[in-house]
Amino acid sequence: MTEVADLKRPLDEQDNLAPSKKSKPSHDGIAHIKPEFIKPINTFQDYENNDDDEGSNERLEDNSGKSKKFKKKKGQNKQREVSNFKESCQLCPKYKYGKITTIDGPCDFQDSCKYCHNIEEYLSSKLPEVDSSFFKTCPIYKEYGHCPMGVKCKFLSSHYSDNSLTFDPEVTIKSYDRNIINVLPQENKVLLSKKNNFEYKDTDKIIQIQESFQQNYLNKHRSKKGTEDEKVLEQKLNPKKELLNEVYETYKDTRYFETKKNKLDYKRKFILAPLTTVGNLPFRRLMKSLSCDITYSEMALSKPLIEGAPSEWALIQAHKEEIPGFAFQIAGNQPWLVGKTCEAINKLLPQKSFSEINLNIGCPIPLVFNSGAGSALMDNPSKLIRMLNIMSYCSGEIPVTAKIRMGIKSDAPTAKSLIKRLVYETDVQAITIHGRSREQRYTKLNDWDYIKDCAVEAKKFEADYKAENDGKINESTARSYDLQFIGNGDIYDARDWHRVMDSCPELDSISIGRGCLIKPWIFEEIKYGDNIDKSSTERLDILKNYAQYSMEHFGTDERGILQARRFFCEFMSFFHRYIPIGILEKQNRLNERPKAFFGRNDLETLLASPDSNDWIKVSEMFYGKANDNFKFTPKHKSNSF
């Protein structure tokens, strides 16, 4: 790699960060390209900037059951076509190693099996192997000494001969699987999928405690008068009321949800924000190789988790390179839901390798919001506090954190009042705030002035709480540690990060989402304090690493390559938006749109293309030629500049 000193640009101290609502914007929304690099047509690059850090979750939107026939499409290409492909001759999984293995045994269906048992027939029908100058051999085989795809591998000739296939089940399967952690055993998924098979003792206990507090409140505020029916009902409920009264007397003067917790320290750490779809394991692994300290999973939904849904539990998985510093984010709309989720994670995962469980209180997606989860919880703080407290109790030593935004309405931010209640009434160890309301989404600049005010207030609330409870705070609990306060939104380069951090000592760190997708080396820039002008070949190396990680994760068979290519193109839908520093008249910002431009060489021009067909061409450098029927429609449309 070129020496860092040669890649640095001096920081322009005169440039201002995104202005607050009171100040006039200092830019015109245009990225200024040097004239010699502008294409001789009066067009702008086909970008958009309305992407949420959480993203639009297609797992949610596609399964909502609501008709979108007459709904106007805005920032996303909804109901887009997703390419799928089936081999003409599909091999029986029992034969993927070229012979019956001692692990799987013979096929249970024998001659009635709908899949092929003839290895020669399958091999003759296979599509051509991957032809890539970057990957001459199977990346999985090269890394682990074994390819779990067997004869289905698209790099088969690099580790298979007609005579034999070397395979030692007991050794090689372990060597392949040990790098993925937080894997829920299949028997535990089955346990969760069957109703009432798993006992949620901790959740049931704390739900009863919370009910006793609610019952006490009702007793104090209920009118003594009542109808005859109400009196009859009250008599029937007396046994339960008496029990709840006893529970209340036991816990009324305690922080009933308090448990010993591991300590979090995010002071000036480099944090990757949760990103749906694009924030998958290969991308997080790429970011860890580029100086990232903390990674977050994609948002997972509580209900499918406690039902044992494999697709949702897959989101909790991480690569060993993400440890330490991997955090898991969930969303839910009921205390019992998030409580059971935390208890299942705490008790059923044999190896819990994550630093925190984060509750998403900022998600603006309509389907999440309308269900009462995500940012909808900001307008229901009492319910939110019960949810966070049940999470704290049921998660064992794993810290619980919260991600919020300014509020729901643009003209009525509620974050400050909510933060006070989170400090006083919960045990959250960290709060992340995004500087826009749900109503704004990404149509306005991030309000860093408001975030800084919240950081100052949060640390003041924390100091006041500790002063008021001096000598009463138990050791190794969340309130015995320093509250971590993190900002989020519109950080694109080293200048932005350092200027915000240096101007607000109460802010512990900043999490970055879109900036990491467009410029994955952003944490290297922050580390060295200057912008780095990556060459096209260096950027291609980044894509090569992503391609390798994606094949190791999704597999090198036909289906795995298809999945890897699709997520590669999702990544390219952000990565291509990078504007090389060398062709700019002045440093651009995240939300600025350039005129159509040429790069400094053909490769740089290709990597900057907004045409999804060009992204497929780039993918073919690593995954080989795409199938003729492969199409990719970017998740987001370009309509917000």
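Every residue gets a Cβ built from N, Cα and C, even glycine.
According to TrEMBL, the feature zinc finger maps to residues 86-120, out of the candidate ranges 86-120, 226-260, 436-470, 471-505. As annotated in TrEMBL, zinc finger covers the listed stretch 132-162 rather than the other ranges in 132-162, 163-193, 535-565, 597-627. Secondary structure of the zinc finger (132-162) per DSSP, as helix, strand and coil residue counts: 12 helix, 0 strand, 19 coil. For the domain 'C3H1-type' (86-120), residue counts in helix, strand and coil come to 8 helix, 2 strand, 25 coil, using DSSP.
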